[in-house]
Amino acid sequence: MSWQQRVDDALTARRATDTLRRRYVVSQGAGRWLVANGRQYLNFSSNDYLGLSQHPQIIRAWQQAATRFGVGSGGSGHISGYSVAHQALEEELAQWLGYPRALLFISGFAANQAVITALMKKNDRIVADRLSHASLLEAANLSPAQLRRFIHNDTQHLSRLLQSPSVGQQLVVTEGVYSMDGDSAPLAEIQHIARRHHAWLLVDDAHGIGVTGDEGRGTCWLRGVKPELLVVTFGKGFGVSGAAVLCSESVADYLLQFARHLVYSTSMPPAQAQALSASLAVIRSDEGGERREKLAALVQRFRAGVNASRFTLLNAHSAIQPLIVGDNSRALRLAEALRQQGCWATAIRPPTVPVGTARLRLTLTQAHEACDIDRLLEVLHGAGE
């Protein structure tokens, strides 16, 4: 088989099963409204949960820092790219979340990959929730460690896997809020089981940080859990981009030596770090609390209004509200029907989610108003298929 044949066959297979991904060009993709092709849509696809991507205080912080530092960091943090803005943000995050250290990464994908590939060795075992993010599972598969996956949120299955003999160390991997189902992990029980088996716990709280818990400290804080490795990302609740790993002093020093994604990548722009500090200040303020309260009320309004006879609504109380429709083509038709009525929603299909669970992944944000939720419900219940 030639290279071209391999490429063509893979694309043909995706088209045949209605799983071919595509990008949409938008003029505005975050906030209450999405603008594409000159038309305005109510935006139910953005991860900008607190509406901070448009916050004037955060925008101003980025602009002022760009004037001071320029638009790029100029190199890896090990060379010349670790600025006072990066240092300040790391210290603020560590203090906020109660960890000795925080290390910044250019993305959540990079942070997850870096931690797992740096820590895990031959004869080690990774025990991950089967619905863990692709960045976590790919890193586990690429590492020399053995990967075992437990049934989603099934702590008994997790315990059985950890009980089986292992020569090396064990790492339990889970998420705070799951990106496709919108539900939360039983973190307290998972941590208890991990400690009983002398395993470390890694929690990716990409969709919980900033949005839940006291001062927005996330799912782990809310559940009274402190994993050895906490990954937080900044493209959701923070409204910007990037990520950080919270850990002990010694683990931070270890990652600075052996995490190749950190050592060999250009640091995020200092202006981005300063904007993230401004975002953190908003998240921790009374305004941040008000934004979280409004979002929670909108989620409750949506869940109360969905017609359960037409859609399968998962037990999710986060900003992520998936409607399971099952068939790939039906999910695509429903997303298109919503767009025709002015609501932008995304159809999620395999391999992102299991076969037979294609869905509309609806995300609600603080930028929405109650009337927007009512309009979404009206369109959903009137959508012809």
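Glycine residues also receive a Cβ, built from the backbone N, Cα and C atoms like all the rest.
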Looking at the pyridoxal 5'-phosphate binding annotation from Swiss-Prot, with Gly108, Phe109, Ser179, His207 already listed, which candidate in Thr19, Thr67, Thr233, Thr266 is the matching residue?
Thr233
Same substrate site per Swiss-Prot - residue from Thr352, Thr357, Thr363 joining Arg21, His133:
Thr352
Are any of Phe109, His133, Ser179, Thr352 (the binding-site residues) within 10 Å of Lys236 (N6-(pyridoxal phosphate)lysine) when you go C-alpha to C-alpha, and if so which?
none
For His207 (pyridoxal 5'-phosphate binding site), write down the residues of its own chain that are at least 6 apart in sequence and whose Cβ falls under 8 Å from its Cβ; none is a fine answer.
Asn47, Tyr49, Glu175, Gly176, Val177, Tyr178, Ser179, Gly182, Lys236, Gly237, Ser318, Ala319, Ile320
Among the recorded positions listed here, Arg21, His133, Lys236, which has the most company in the form of other Cβ atoms within 10 Å of its Cβ?
Lys236
Closest to Thr233 (pyridoxal 5'-phosphate binding site): which of the binding-site residues Arg21, His133, Thr352, going by Cα position?
His133
